[in-house]
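As recorded in TrEMBL:
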type	residues	note
DISULFID	Cys19-Cys266	disulfide bond
DOMAIN	350-723	domain 'Ionotropic glutamate receptor C-terminal'
DOMAIN	360-427	domain 'Ionotropic glutamate receptor L-glutamate and glycine-binding'
BINDING	Thr438, Arg443, Ser609, Thr610, Glu660	L-glutamate binding site
TRANSMEM	483-502	transmembrane segment
TRANSMEM	532-553	transmembrane segment
TRANSMEM	559-579	transmembrane segment
SITE	Ile588	site 'Crucial to convey clamshell closure to channel opening'
DISULFID	Cys672-Cys728	disulfide bond
SITE	Lys706	site 'Interaction with the cone snail toxin Con-ikot-ikot'
TRANSMEM	750-772	transmembrane segment
Amino acid sequence: MIKKLSSYDGPIALKREACNLIDDGVEAIFGPSSQAESVAVICNNTGIPHILFDYGIEENYSHKYKHQMTLNVFPSPSILSKAYADIVNSFGWKKFTIVYDAEDVHAYTKLQDLFQLHSLHSDIVRIRKFKRNEDYRILWKSIKGERRIVLDCNPNILLDLLKAAVPFDLTGQFNHLFLTNLDTHSSEIKSFRDNPAYAMNVTAVRLKLNDGFYKHSIAHKRAIANIKFHRQPLKVTLIHDALMLYGIALKNITTNYPTTQRYVNCDYNEYNSTYSSPAGSYIYNSMTNISPLDEVHFRSGSMLFDDNGQRTGFEIEMYEPLNDYGTAFWNTKGQITQQHIGANVLKKIVYRVATRIGEPYFMENLTAKTENVTHNRRYMGYAVDLIEALSKEIGFEYIFVPVADNGYGKYNKETKQWNGIIGELINNDAHMGICDLTITQARKTVVDFTVPFMQLGISILAYQKPTESKAWSAFLDPFTVDVWIYVMISIFIIALLFIFMARISRDEWENPHPCNKDPICLENKWNISNSFWLTMGSIMTAGSDILPCSASMRTFNAMWWIFAVIIANSYTANLAAFLTNSKMEGSISGIQDLAEQTKVKFGTMEGGSTFTFFSESNETTYRLAYNLMQNNDPPAYTKDNKEGVDRVLKNNGSYMFLMETTSLEYNTERNCKLKMLGEKFGEKHYAIAVPFGAEYRSNLSVAILKLSERGELFQLKNKWWKNHNNTCHEGVQTDASETPDMTFSEVRGIFYTLGVGVIIAYTVGIFEFLIYTQKVAAAEKLTFKKAFLKEIIFVLCVWNNKKPLKLASSNSSKTTSPNAP
């Protein structure tokens with residue numbers, strides 16, 4: 001039985017129609033959509049179940065006492081309000097405006113959680129209201145420039161509101177509109193799909209479909225049933241579920257507890273109360289305790305209710321109404337689950353990618369430039385390849401837009417504006433920003449970031465002195481020329497003094513024939529040859545086959561040995577240091593050493609993330625380093641990394657540059673005069689920056705994670721960082737903490753000395769051999785040639801160590817022959 005009333009009918013008309021239905025014997029009343037207070041009271045008095053299917057007002061205990069037979073299958077306004085707040089938080093909105101219909105009595109209830117944000121942050125969460133049929137341009141003009149709007153309105157006026165917002169740039173592609181009405185799908189908003197004036201990001205909500213219901217529906221294809229359902233007004237779906245709820249409960253009661261029909265009306269009896277339906281309370285309780293097994297009968301999902309008859313079991317689907325695809329699901333636990341990751345590529349937007357010129361992330365392709373190539377093919381670099389890989393992974397078109405000031409993003413306290421890439425995003429002149437852009441707290445307050453695509457730190461860029469070629473006489477460097485002269489003079493003088501000391505020492509004169517107890521002469525073994533041999537052997541730390549005997553000679557020799565030991569050890573100790581390179585920065589091994597000295601100046605790029613790290617750090621070492629940089633004259637800061645690198649090269653070790661390790665590695669790979677000093681510190685991350693609430697941020701993050709898992713990010717870095725023609729490992733210095741290997745060029749002088757000595761020795765030996773050969777030829781009456789061949793053959797017979805003394809015996813016979821008889 002259906003009774004229709006107009007919006008002009010008051011509570012009396014509602015009461016009359018409700019009583020007429022009861023008099024006609026109805027067992028339950030559904031509705032009305034508004035002004036249901038009087039109907040709820042009548043149903044409460046007569047014990048007839050009362051089921052609603054539209055927005056209801058949260059009731060306190062005193063009101064609920066009069067409405068104990070009322071259930072509402074429409075989602076609870078308080079839980080719905082929580083859903084809206086969770087969704088807005090998921091967008092990451094820090095600033096937005098709430099717009100609602102002032103004539104909607106339910107607006108405050110369903111938006112109460114968002115209104116509480118306004119009461120806490122009135123400067124960033126604003127509230128505006130409107131009335132139907134007024135000039136909506138006044139409303140939009142008051143919030144011109146706002147990019148994030150929560151709009152709660154009836155679907156039949158939605159188009160008029162959006163059309164009025166166009167002149168105030170509130171529907172452009174950088175705006176985000178959140179529609180809270182659950183019936184938005186029944187509006188004509190899809191007519192704006194191909195209109196360029198409505199390029200904003202739109203998110204709407206609707207009740208999530210019940211998968212179980214559509215699997216058992218007459219339509220065998222869920223997609224068809226899905227579309228059919230979403231084209232229906234929400235009230236149609238909820239009326240269906242309300243009828244099914246009552247029908248299932250009635251079936252359960254009549255099956256288990258047969259009841260007899262009794263007459264019930266609105267008239268009061270002698271006890272000043274109405275007659276109540278005997279089965280009404282049973283049916284009501286059954287409806288509030290419908291088993292989850294019966295959920296398959298409901299289009300809008302689970303039918304769970306609280307003690308006040310408010311529906312607490314439901315899920316919300318977030319979707320894009322212009323193209324009608326879902327994006328996420330919200331449940332009553334506050335969880336938001338993403339869906340259809342690639343769906344928003346249906347928006348044919350050419351994404352503007354803000355970046356800056358800087359190796360190796362973004363560079364101009366000189367070949368393409370000379371050929372007048374335009375657009376993206378004009379550029380190359382790590383960022384170019386990364387965006388290209390992401391576009392293929394997700395499926396979007398893009399164009400690179402280098403920023404005019406080539407800046408990353410620095411906040412100007414005077415103008416209160418951001419420059420560089422961050423400024424482009426804030427001013428909605430770009431969709432995303434990529435380069436060596438570090439995630440910082442200041443930047444996160446004005447833009448969003450994807451997951452990082454690169455992890456890094458800070459380190460010190462220092463000058464790498466090339467190895468200098470040593471002279472052949474490098475082994476003599478431990479002593480200066482005058483020291484070597486004094487040592488040689490000392491050897492000569494000591495040898496001569498040794499001879500005279502030996503000649504005046506009595507114990508140094510020895511019997512040449514010990515077996516002869518009465519020698520006719522004594523012999524002194526310390527001639528010029530032996531004296532020089534002992535003196536040279538001592539200073540070369542070598543031994544000798546003869547030693548002094550007298551006390552004076554031993555004392556004299558001991559003093560010379562002390563001198564020789566000191567000279568030899570001093571030379572050995574200094575030899576390694578003089579054969580390797582000494583470095584100015586040898587005592588600096590990290591940021592702490594750098595901060596504790598003043599000889600070597602250092603700095604960083606002004607306004608960059610490294611500058612911010614030192615300026616905002618409370619760690620003692622970093623604060624000390626920052627103070628030193630601040631007090632440097634001339635200033636230690638640079639405009640960009642390139643200027644810092646050039647400054648390190650120009651100062652040849654008297655200036656060091658603090659920079660991020662990725663840029664540092666790139667420069668050291670390509671310049672042998674640069675090196676990284678110390679370990680990295682201050683962990684950082686590079687990521688892609690996007691405007692607040694950008695719906696494509698999660699898609700980019702997922703794509704970056706996929707590229708990382710497949711190893712493509714690692715391959716990209718190797719492509720642009722690794723210098724395969726690197727020859728820097730040859731002829732460069734090592735760290736001061738390491739012991740370098742000595743090359744031949746550093747010790748070749750010793751080999752030269754050895755060679756010269758061997759040549760001199762062999763020259764003397766050859767002369768002695770020739771003289772001896774001449775004597776043999778004379779003694780044996782041979783020609784010199786034959787004697788030479790005879791002796792040289794004997795010399796070559798190295799296995800023969802015994803030689804006959806023919807020459808000696810011949811000489812002996814000649815001396816004894818005159819005395820023969």
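A Cβ is built for glycine as well, from the same backbone N, Cα and C atoms used for every other residue.
Counting residues 6+ beyond its ends, the transmembrane segment (483-502) has Cβ neighbours under 8 Å at 476, 508, 524, 526-528, 531-532, 534-536, 539, 548, 552-553, 556-557, 560, 563, 567 in the same chain. Within 8 A of the CB centroid of the L-glutamate site residues Thr438, Arg443, Ser609, Thr610, Glu660, the other residues of that chain are Tyr408, Asp436, Leu437, Ile439, Thr440, Gly608, Thr612, Phe613, Lys684. For Thr610 (L-glutamate binding site), the nearest of the recorded positions by C-alpha distance turns out to be Ile588; the candidates were Ile588, Cys672, Lys706. Secondary structure of the domain 'Ionotropic glutamate receptor L-glutamate and glycine-binding' (360-427) per DSSP, as helix, strand and coil residue counts: 30 helix, 15 strand, 23 coil.
Non-local neighbours of the transmembrane segment (532-553) in the same chain are 487, 491, 494-495, 498, 501-502, 505-508, 510, 525-526, 560-561, 563-565, 567-568; each lies 6+ residues outside the stretch with a CB under 8 Å from one of its CB atoms. Of all the recorded positions listed (Cys19, Cys266, Ile588), Ile588 sits in the most crowded Cβ setting, with the most other Cβ atoms within 10 Å. Cα to Cα, Arg443 (L-glutamate binding site) and Cys672 (disulfide bond) are separated by 35 Å. On the backbone, the CA of Cys266 (disulfide bond) and the CA of Lys706 (site 'Interaction with the cone snail toxin Con-ikot-ikot') stand 68 Å apart. Across the residues annotated as binding L-glutamate (Thr438, Arg443, Ser609, Thr610, Glu660), the two Cα atoms farthest apart lie 18 Å from each other.
Of the candidate recorded positions, Ile588, Ser609, Lys706, the one lying closest to Cys672 (disulfide bond) when CA atoms are compared is Ile588. Between Ser609 (L-glutamate binding site) and Ile588 (site 'Crucial to convey clamshell closure to channel opening'), the C-alpha separation comes to 24 Å. Note on the domain 'Ionotropic glutamate receptor L-glutamate and glycine-binding' (360-427): its mean pLDDT in the predicted model is 87.
The sparsest Cβ neighbourhood within 10 Å, among the listed recorded positions (Thr438, Thr610, Cys672), is found at Cys672.
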